Amino acid sequence: MAALRAAKQALRKEVKRRVATVTDDEKRRQSLVVSQKLFSHPKYMSSQRIAVFLSMKDELNTQEIIKDMFKCGKSCFIPRYESTSSHMDMLKVNSLQDIETLPLTSWNIRQPAKEDDSREEALASGGLDLILMPGLGFDRARNRLGRGKGFYDNYLEHCKKHPKGKPYTIALAFKEQLCEKVPVDNHDVPIDEVLYEDEK
């Protein structure tokens, strides 16, 4: 267990170092390429209720995706993380303006306030069709290296108990986040697909 933790920690450091060398322009370019791939993806096109992360600087930018979701009339859910545990809710947002009014967390990302109980939580209602997943690293066997808090793994376990079942999961990645092999144990939930810019 300790060896696995150490291996994950070393890989997190290595991927962060790789992503840190990517320029802002290149991150923007890859983000647009991957967003376009997503827009023509059959799962995205057929999904109505979608959870998406609000990106940090070292993650693929999801702004165009969120814009497209509102434009297409899809229901958009974003994470509210509880910093003291590994609990996360997916709460509904109504517009880009709505997102811009949300408070900033210590990670400098916007999320509904802890006391905001006016929003629909995805699993308390109709469930989710698709979750767009963040992560630090991914391999071709669809294993995901998270930040070590277990938010998404726990949330996917909760999804399985919903009548709708586990949603389809697509990770969005810079090609610099692809790894030879992500070390995993049986708590780590593999994702259905990783979207990134293919090397020509």
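Backbone N, Cα and C atoms are what each Cβ position is placed from, and that goes for glycine too.
What you are looking at is a predicted structure, and each value in this text was computed from that prediction instead of being measured.
Database features (TrEMBL):
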{"type": "BINDING", "residues": "LYS8, GLN9, ALA10, LEU11, ARG12, ARG144, LEU145, GLY146, ARG147, GLY148, LYS149, GLY150, PHE151, TYR152", "note": "ATP binding site"}
{"type": "BINDING", "residues": "LEU54, GLU59", "note": "substrate binding site"}
If we take the residues LYS8, GLN9, ALA10, LEU11, ARG12, ARG144, LEU145, GLY146, ARG147, GLY148, LYS149, GLY150, PHE151, TYR152 that the record assigns to ATP, their largest CA-CA distance in Å comes out at 21
Cβ atoms near LYS8 (ATP binding site) (within 10 Å, other residues, all chains): 20
At the level of the C-alpha atoms, what whole-angstrom distance separates PHE151 (ATP binding site) and LEU54 (substrate binding site)? 14
Whole-number Å distance between the CA of ARG147 (ATP binding site) and the CA of GLU59 (substrate binding site)? 12
Whole-number Å only: compute the distance from the Cα of LYS8 (ATP binding site) to the Cα of GLU59 (substrate binding site). 18
Students should find that the Cα atoms of LEU145 (ATP binding site) and GLU59 (substrate binding site) sit apart, in Å rounded to an integer, by 13
Which of the binding-site residues ALA10, ARG12, LYS149 has its Cα closest in space to the Cα of GLU59 (substrate binding site)? ARG12
Quick check for the class: what is the C-alpha distance, in angstrom and rounded, between LEU54 (substrate binding site) and ARG12 (ATP binding site)? 20
Have a look at the binding-site residues (ALA10, LEU54, LEU145) and report the one with the fewest Cβ neighbours inside 10 Å. ALA10
If one looks at the chain holding ARG12 (ATP binding site), which residues at least 6 apart in sequence have a CB under 8 angstroms from its CB? LEU136, GLY137, LEU145, ARG147, GLY148
